[in-house]
Structures are given as C-alpha cells and as structure tokens.
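Below is one structure, written out as structure tokens; the observations come after it.
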Amino acid sequence: MVGLYNVFLFALVSSQTIFKEEVKPTSQEVNFLTRYGYLPPQPHGSDFSVTAQSISEAVKKMQKFAGLPPTGELDPETMKLFRRRRCGMKDILDAKTKNRLKRYILQQGWDKKTITYRVHNGSSTLEQSRVEAIMTAGLAVWAPHGNLRFIQVEETKADIEVSFVSKDHGDGFPFDGPGRIVAHAFPPPHGAMHFDDDELWGDSPDEDNEDVTDLFAVAVHEIGHALGLSHSDVKASVMYPYYQVPVEKLHEDDILGMHELYLKEATTSTPAEFLYAKPSSSVPRFTKSDISYEEEDDIPDLCFTNYNTIQSMQGKLFVFEEEWMWVLSRRRKIIDGYPKKIHDVFVGLPKYIDVIKTIYEKRNGHIVIFSGRFFWEFSSRYRLIKRGRLSEYSVPPQVSELTSVFISNYNNKTYLIEYEKFWRFDEHTMTMDKGYPKEMSAWRKVPYPVDAALIWEGDTFFFRGPRFWRFDNNKIQAHEYYPLPTAQIWFPCALTPEMASYTTNEDI
Ligand SMILES: *[C@@H]1O[C@H](CO)[C@@H](O)[C@H](O)[C@H]1NC(C)=O
Ligand SMILES: *[C@@H]1O[C@H](CO)[C@@H](O)[C@H](O)[C@H]1NC(C)=O
Ligand SMILES: [Zn+2]
Ligand SMILES: [Zn+2]
C-alpha cells in the first residue's frame, strides 16, 4: 500500500497546472468556485494552482448560472454572489465522468410514494413545533407534483431527517458560521436535511433583512434536494441556489423536475404543457428502468464504476457491483474466472436480491450476506447454511437494513452499520455492547453513509463512491492523506485525470 501510494502522489504532483501570476483570486473565491462545481477539485493539501483562464471560465459559468452577464470578470455584481446567503449543495454536478459513474452521482427520486420525515430539533431561535409546522407546509408544496405522501414520525428513523447543526457536524460538509451557506440536504436515499444553526432563523420573509433568514423559503428549497432535484439556473425557480424570498409556490421548472423524477413512468400520455420545455435542474438519465435495457453481459468496468460494496474475506478482496463480483489477490490480481455473477457463486441466495451491499466473514469462516431484515449464511465454500433475521444480531426492530458489517481485529467485535449509526455486537456472547448505537461521525473525517468498511492488513478502511479512507486508530480520525481513489490503489487500474478529484472530501 505504501509503495503504491508514493507512486500515486508523484503522479499527482507532476500533473499539477502552472500557477500564473496575473490573477490572484483569493483562496475563498477559489474555494467557492470549487465547492459549487465551477472549478475541478483542487488536489488535497496543495496551494491552489489554477490558471487565469480556468478562473475566468469558471467565473463565466458561475455568472451564467446565477443569471448575470457572463463576462468572466470579478465585477461588483459577481463579487456579491460570493457573499450571498445560499444553499451548500453543488450547482454543477460532475458531468465529465462516464455514464456508469454518472448514474451514481446524479440524483434519483425515492422509489416509493409514501415518505417519512422527522424533525430532530428546533433552532436556537425557532421552537421545534414551529419548525415542524414549517416543514409540513413546505412538503405540502411539493407533494402534489410527485403524487407523494409525507408522514411525520417521531421515534423511528425517517427518510428525511431534519436537524439544526453548526460548523463541522460530521458529514464532511461543515457549515460556515453566520451568512453564506445556510443549509444543505442530501438526495435519496440519504435524505438528511441540515440547517445552519448559526443563522438567525425566522418565519416571516423579508427581502431586505440581512440578519434573519426565512426558514420556509430555505426549507422548500432543501426539500427539493431531499426529493432528488439539483440546482437550477432559472432565477425564479425554487431550486435556484441563492437565497431569495418570498417563496410562495413552485416554478414550472421545479414542477418539470418533479415530473421527470416521479411521474414519468406513471403517465402514459404526457400532458401538453410538459412536451415543450426541458427542466434545467439535472435529473437522472440513468434510472433503474434504464438499467434493464442494458445488455445482460454488460459487465461494469472495475476501474470505472462505483461499488455496491467491497469486503476482505478469505485473505482476498471481494468487490460487488450490480450482479457481478470480482475476487482479487493480495497483489491486486483478479483471480482467474472472475468476474462472476453473484447468483452463480452464492447459489441459494434469492433471485430478488439483485445486488450485494452488505457482506462479511465470520470468525468461523462463514460468509454472511445481509439484505433488508434478513441474512443468508454460507459456508466458506459458498454452500447455503441458513437464513436468519437481523434480530439475531440484537439490532432494534425498526432497523430495516444494515449497510456495512465488519469485525474489528482490535477487539474482535462485530460492527453493524446502518447509514448514520452503528452498533457493536459481541458474537461470542451474542449480545449488543452497551452505549450503542453511536453516530457514524465518531469515525471522524470519514464521510458517511459508507458503501463498505473492512479490515485489511490490520488497518480499518472505509469506502464510498470512487474513494476510500484509512482510519488512524491513534488520532481516531481518517488518516490525513486520505481519501484516495479506490480503483487505482486497490485494483489493477491505470492512473487517470479523474482521480485527482477523488483525493478530497469536497464534492461528495
Ligand atoms: C440538533 O440535533 C443534532 C443531532 O441530532 C445536534 O448535533 C444539534 O446540536 C442539535 N441542535 C440544536 C440547536 O439543539
Ligand atoms: C480475536 O480472535 C482471534 C481468533 O479467534 C484470536 O486469535 C485473537 O487472539 C482474538 N483477539 C482478541 C483481541 O481477542
Ligand atoms: Zn440547494
Ligand atoms: Zn450537514
């Protein structure tokens, strides 16, 4: 690993662009352009090194998106944008990467019509009950445009989880104190919605009030993200990234986005009003229904895809994506005969389980695959032994699936991860350890939810999308040189320009 990493670093350094003296944008401005997708991510830890031309191009794009004349110059109107209150989500999603990656990065809608939400707390200035009322009203604005029903829950985990937090709050997207970023929300299936508690939240819109931020206006926008919409460059739309009040109703552009996400399959005849305009907010081109059109034997390229999960078992590395699996030796070599279809290896796994997302090897060598509230246990030679319920792992009944499971080599305990929480289970006594669940933010500097968690040569690794992190048990946080690109470090894959963007937590 260490040798590989050095090669990688060298490649990264030698490909850096030349810093030109003519333009000296402040690092804040470069950060802004990078954060919202106008500039490619800057290599981790390096001083920003961007050319005058790339800055000017980025500024043009930003001006266009905001509805200003695209001059490429940092004129006063443009400078104002850097300071305006706005949403923390990206404006430009990375479109350069191949389709397979796109399918992961671009938002999807919920694959159900009834969606739960939960308000964890109020802000320092608005009571929780007031926030709940505003959320309910905000959701009602969207509901009819996707035939959706929203149900408030109090105890169980909800699809959309709302909370007020400040500064670094564990998801890799720290808030920035008063002003500028006021909120962000993650697309399905994540759905978390965070409001910056350093803002002075109020419940009456006042355009000229620089101090008070209207929660309803921001909530309606963030709900759009939690339903799968991304930013729009239509200024009158709710999904425009900069703060605007008052918000009274959705714009046609927002409605078209919802139509693409939630009503396309249901409606056989497209209403005339939808035939002519294309929504400018990005919606997925590669949805689940598109996948079935793919050729049966369209095997994902291990070097250029995301991974449903990765696990170390039997001293080897197992990689799962779609209905395929690869097994690699310690030397990054794909074992002969792979990739294979998961059902050809794990015979007896029900066919409706079309991807493997959660798998681990028990101390006795058995391999356990989790799906929903059940698990399937196989012998080390892949013979089905039994099907069991999650409750055998003492997981509370409201947990509907686990996203990763691994056994720590440090204490021999089994870590059961569910999106934002994890439990520690003792398989020896078959009891859950006290004090759990804990928040995933306990693994500091590791963005979550993670796709995979595993132990490799004594170290703990986390994987998400195309990146991975190594956990530093001494500092109790991700090691400072991470993330790094998964494909180039773990698999026999060539170095690519994209991987530089996988060395920061910036655009996750
Ligand atoms: C709201 O809850 C989150 C976690 O659930 C916590 O981190 C945050 O401090 C709380 N905010 C307030 C304003 O109490
Ligand atoms: C963990 O389990 C293994 C195998 O059963 C054993 O060799 C090892 O000593 C155990 N380690 C701890 C810390 O209990
Ligand atoms: Zn937004
Ligand atoms: Zn957050």
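Glycine is no exception: its Cβ is also placed from the backbone N, Cα and C atoms.
According to TrEMBL, the protein carries these features:
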type: SIGNAL; residues: 1-15; note: signal peptide
type: BINDING; residues: C87, H221, H225, H231, M239; note: Zn(2+) 2 binding site
type: DOMAIN; residues: 106-264; note: domain 'Peptidase metallopeptidase'
type: BINDING; residues: D159; note: Ca(2+) 2 binding site
type: BINDING; residues: H169, D171, H184, H194; note: Zn(2+) 1 binding site
type: BINDING; residues: D176, G177, D196, E199; note: Ca(2+) 3 binding site
type: BINDING; residues: D197, E199; note: Ca(2+) 1 binding site
type: ACT_SITE; residues: E222; note: active site
type: BINDING; residues: I310; note: Ca(2+) 5 binding site
type: BINDING; residues: D354, D451; note: Ca(2+) 4 binding site
type: REPEAT; residues: 399-446; note: repeat 'Hemopexin'
type: REPEAT; residues: 447-493; note: repeat 'Hemopexin'
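Ranking the binding-site residues C87, D159, H221, H225, D451 by the distance of their Cα atoms from the Cα of D196 (Ca(2+) 3 binding site) places C87 first.
Under 6 Å, Cβ to nearest atom of ligand 1: this is the test, and of the binding-site residues D171, G177, D197, E199, I310, D354 it is passed by D197. With respect to the residue listed as 'Ca(2+) 5 binding site', the closest of these recorded positions in Cα terms is D451, chosen from C87, G177, D197, E222, D451. You'll find the Cα of E199 (Ca(2+) 3 binding site) roughly 20 Å from the Cα of H225 (Zn(2+) 2 binding site).
With respect to G177 (Ca(2+) 3 binding site), the closest of these recorded positions in Cα terms is D197, chosen from C87, D159, D171, D197, E222.
Sequence-distant contacts (6 or more apart, same chain, Cβ under 8 Å) of D354 (Ca(2+) 4 binding site) comprise E322, E323.
Sitting within 8 Å of the Cβ centre of C87, H221, H225, H231, M239, and not among those site residues for Zn(2+) 2, are the Cβ atoms of M89, A185, E222, G224, L229, S230, S232, V238, Y240, P241. Here the candidates are the binding-site residues C87, D159, D176, H221, H225, and by Cα distance the one nearest H184 (Zn(2+) 1 binding site) turns out to be C87. For H169 (Zn(2+) 1 binding site), the number of other Cβ atoms no farther than 10 Å from its own Cβ, over all displayed protein chains, is 17. Here the repeat 'Hemopexin' (399-446) has, by DSSP, the following mix of helix, strand and coil residues: 3 helix, 20 strand, 25 coil. If you draw a 10 Å sphere around the CB of D159 (Ca(2+) 2 binding site), it holds 21 other CB atoms from the protein chains shown. In this structure the alpha carbons, written CA, of D176 (Ca(2+) 3 binding site) and H225 (Zn(2+) 2 binding site) are 20 Å apart. Taking CA atoms as the reference points, H169 (Zn(2+) 1 binding site) and D159 (Ca(2+) 2 binding site) are 19 Å apart.
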